[in-house]
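*Asks:* Sending over a structure as structure tokens; questions will come in a sec.
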Amino acid sequence: MVYITPKGKINLPNYKGGTTIDKSIMYQYITAIGLFCNFLGLFSVFYFIGFNESIGGNKPTLEDDSSVRWVYLFAGMMIFIYMMMDNIDGKQARRTKTSSPLGELFDHGCDSLCTGLLPLIVGISMGIRSWEILIAFMAATIPFYLAHWEEYFTHHLVLGALNGPTEAECMAILFCFLTGIFGQWIWFIKIDFSVLTFNHIQYTGQLNEMIFFAMAIISFVTAFQNILTSTKKAIDMKISLFTAYSQPIPFIIFFCSEFIWLKLSPSLFLTYPIIHILSLTFIFSYVVCRCIVQRICQEDFRLFYKPLIFLIGCVLNTAAKVYLNIEILDEQISVLLLFAISLGFMFHFTYSIIQEMCLVLKINAFTIPSSSPPIKKLN
């Protein structure tokens, strides 16, 4: 399978690199400069997956979670490392004169994986229910995809004052550390909103639910801003809105398929929540990475990708069982197969796109050319 078209291979060497307009408070005033780059970021991604499995196996209780508190602390530390590496890897690449379209793709690819995994980690740490974790997953992935869709038109990845790569990750670090120190009980504190609204609204909610609700609102507001900016830019570029709005079709198919699947068989998600979200994360990352490749190579957007076939197949399998009472394949097996297939697609894409880009750009992956100037050591 070839991921770059002949047209893309011609355009790829001429790619000048997109720019990131990061208004983040953390990025401008707090984040330090270091020597590390994508390797530790990739390590953090694999740790995130391991964290989810370790927590899922321990199954701590609200009354006694002392046996796994160290995992929450370790999670916070690894999110911090990932955040630092993600913020400085571009600086390190420019410093060593190894900036390339492949490095940009690798950076955003790691981000796409962590965008799906981070809500799962924080949700487990804060004791959020499975359905709320899924809502948080959707709330995180929608603005992320739309931000890269917007970049296709503007050639700028715009990150607002409160954004995922920094502020949201800092909040995740804080939440994990608080859980590790005090335990999950702190997130189940009841808040009486009738006091804040002069008794006009009678509502009492848990702290963790209120936090996730606020984060979801911020995500959807950000997504709306992405759509508005992309629409204005498409009009300025004289691109028909039909063409512009058809480009997110793969993500819309992904989103709608998942919603229908959960509507048909909610118990299936509750039985395998971690495997389910990991499968969705791999498919989401695949779709986003293909979008980035098309932007870098100045190719036309594709409206469908092969991993979506298997997601749709799982939905149809469940629909046949619910409406026709025909069990083509056991639902639990279908979830596990989707996980294996989506992971396989992600591995194949990663290996193949590295080979293709290295061949076109005449570079070696994860190496600093000998012709590059030596790096000065920090005192």
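Positions of Cβ are set from backbone N, Cα and C atoms, glycine also.
So Swiss-Prot lists the following for this protein:
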type: TRANSMEM; residues: 30-50; note: transmembrane segment
type: TRANSMEM; residues: 70-90; note: transmembrane segment
type: TRANSMEM; residues: 117-137; note: transmembrane segment
type: TRANSMEM; residues: 142-162; note: transmembrane segment
type: TRANSMEM; residues: 171-191; note: transmembrane segment
type: TRANSMEM; residues: 210-230; note: transmembrane segment
type: TRANSMEM; residues: 241-261; note: transmembrane segment
type: TRANSMEM; residues: 268-288; note: transmembrane segment
type: TRANSMEM; residues: 308-328; note: transmembrane segment
type: TRANSMEM; residues: 333-353; note: transmembrane segment
*Asks:* If we call contact 3 or more Cβ pairs under 8 Å (sequence gap 6 or more), are the transmembrane segment (308-328) and the transmembrane segment (241-261) touching?
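*Replies:* Output yes: the transmembrane segment (308-328) sits against the transmembrane segment (241-261).
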*Asks:* Among 171-191, 241-261, 333-353, which stretch has the highest count of C-beta pairs below 8 Å with the transmembrane segment (210-230)?
*Replies:* 171-191
*Asks:* Is the transmembrane segment (268-288) close to the transmembrane segment (241-261), in the sense of at least 3 CB pairs under 8 angstroms with a sequence gap of 6 or more?
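*Replies:* Answer yes, regions in contact.
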